[in-house]
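Worksheet for the structure shown next.
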Amino acid sequence: MSVHATDAKPPGPSPADQLLDGLNPQQRQAVVHEGSPLLIVAGAGSGKTAVLTRRIAYLMAARGVGVGQILAITFTNKAAAEMRERVVGLVGEKARYMWVSTFHSTCVRILRNQAALIEGLNSNFSIYDADDSRRLLQMVGRDLGLDIKRYSPRLLANAISNLKNELIDPHQALAGLTEDSDDLARAVASVYDEYQRRLRAANALDFDDLIGETVAVLQAFPQIAQYYRRRFRHVLVDEYQDTNHAQYVLVRELVGRDSNDGIPPGELCVVGDADQSIYAFRGATIRNIEDFERDYPDTRTILLEQNYRSTQNILSAANSVIARNAGRREKRLWTDAGAGELIVGYVADNEHDEARFVAEEIDALAEGSEITYNDVAVFYRTNNSSRSLEEVLIRAGIPYKVVGGVRFYERKEIRDIVAYLRVLDNPGDAVSLRRILNTPRRGIGDRAEACVAVYAENTGVGFGDALVAAAQGKVPMLNTRAEKAIAGFVEMFDELRGRLDDDLGELVEAVLERTGYRRELEASTDPQELARLDNLNELVSVAHEFSTDRENAAALGPDDEDVPDTGVLADFLERVSLVADADEIPEHGAGVVTLMTLHTAKGLEFPVVFVTGWEDGMFPHMRALDNPTELSEERRLAYVGITRARQRLYVSRAIVRSSWGQPMLNPESRFLREIPQELIDWRRTAPKPSFSAPVSGAGRFGSARPSPTRSGASRRPLLVLQVGDRVTHDKYGLGRVEEVSGVGESAMSLIDFGSSGRVKLMHNHAPVTKL
């Protein structure tokens, strides 16, 4: 039978064209753009992940870009995994071999391959997390004779991290000291130098080193930088507004700036939103995204303003709040999904009343609609605000999880066993060695440890080598009992190293048995110790699963030629080190309400969101009230919190909130006043108080019942302070006033409490007495 030409079906869209289906005009432009740097200004909920993944897929399908030529950088492992899976769904399994990872994971891969270029480092280096760094800094501080109470490990760690984020090395920090430098700057510079020396001696890098050392390698060895520029012709960076200076320089080095070396710059695409820049306290600088068009003059900028997450009422509230920030790029989120429900507002008597309202609303939603517990999130400005919420949720029988609490890999028992594994992988890891030397107890006390440490310092060997010497009787001042215990410790590790080829789960089991760690917990009658056993069993399961996943991945295709195979143990330890808060947020279906800070909530979305604590001094935070830069960041935080909600948003504040054990009268947050009132359905507003209204007692605020303890005669007189005044605080002790701002009930001072630090307090609500 003949077929006429007119009967033939027209060709359908190509696979590349199909990638553009369902995108709005701005999203399509972002996907297909080529030839110059691209800045995608992606408003909250505007589909940036879809754009990024479609752009990557389009590079492969339409432009013939190889998988190995693409580098995509995210801020969490969870986001990286989601991006990879989405691209695999669009173009197939080949996308699994694309480099999609966090900044830190990307740098680890580069450094594992280039470790030989860094003096004193080899490819199986340990990665010290915040706790490891603080432990090492405590050792360094004590050895240098510093007052650990005045210069705490946390204070030193933050200061050194800030220097590293600015790519300032120890020599530059020392050289930068002047006659005007304060004691803290001098202490930090001296500690920084010794801290780095000990890190290198332990064959270890901390988080900030991962970025800084990679930048140093790329800048010191042009041929290495050229290699990666040739390889990664397309670099995509998500959440660019959250980058710090070191990350900014890293991206610049990977992309290249000119063709002087014969390699044209790579094609750079960054996605971000200055309105969601909320991590200045971690070193992030909003300038990176605000100045992108100046740094890359031929940039194409595309704004994504159509929102696919929230209702228009929620978006209008967010738009109104963020519009008050000066100097921002004009952008207004909109949706075609309709106005939706009004925002629900509630003014509570105190934090307990606020928590009760939240719990009652959650209970009503879960009982009377399609909303389930895992659809609900409760946000607050600071971690300590969760206490009253947790108490009420427990009484109400509402299941919940606090995100950002003690994470699985931060629990003591997990850290102990991971420390054993790290020593097996890197015998020079002094911090891990000293953590487990007498854990569980095996008769190696502080004095014996100190003798070994002195021997290591005097002979110029590592702590691990000094332990071997101690086992051989070469360390002075050690008694026979300690020598025997150390010899047993060294022998135990020799035996365990013979099992490094075992399945990872079996190796963890062997560590638990051979060290006696499990036996000690099993012998305990403390219920908490039994919970620790459960956690260790979970660690064994995680290790087994990791081994299986790694074997399956290896069977699918060849290993990356740019990354040396450091073994399953090193890979596992790397993953443990780089896990983040956002990677442990419960998945949908967990059946629990999620509690978290506003900072942790960034990047997430929930059908129902409660944002609590809308009070000046709480949100915005007290320290931001007199600082325009910090106040702008607090406003961006409000914008982030509001735009997490998909269907329903609740905002609440308390008239009185406890602070330092005292009731504090809290003015309404200025951010709450910036939301158009027609968008809010106030379930309860602030009643006008009677003259003798209780502010902290059992009665409802505004009740006519007199309060004998708060009568006019017994009220605390208004505290008036001036610069230079000496005061005493119930918690911080003696202090001197440095700055004063505000008047009357709103007056506050910045007070230097010496070793307790500088604290900003409200005169009338803090337990402060003028001397």
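Numbering starts at 1 and runs along the chain as displayed.
Including glycine, each Cβ sits where the backbone N, Cα and C put it.
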Recorded ATP site member, picked from ARG300, ARG309, ARG324, ARG328, that accompanies GLY45, SER46, GLY47, LYS48, THR49, ALA50 in Swiss-Prot: ARG309
Swiss-Prot annotation of region 'Disordered' - which of the ranges 1-21, 253-273, 505-525 it falls on: 1-21
Chain-internal residues near LYS48 (ATP binding site), provided their CB is under 8 angstroms and they sit 6+ positions away: ILE40, ALA42, ASP238, VAL271, LEU304
Assigned conformation of GLY47 (ATP binding site) - DSSP reduced to three states: coil
Site of maximum Cβ density within 10 Å, from binding-site residues SER46, THR49: SER46
Shell list (ATP; ref centroid = CB of GLY45, SER46, GLY47, LYS48, THR49, ALA50, ARG309; cutoff 8 A): ALA42, VAL51, LEU304, ASN307, TYR308
Pairwise C-alpha maximum, in angstrom, for the residues (GLY45, SER46, GLY47, LYS48, THR49, ALA50, ARG309) that bind ATP according to the record: 13
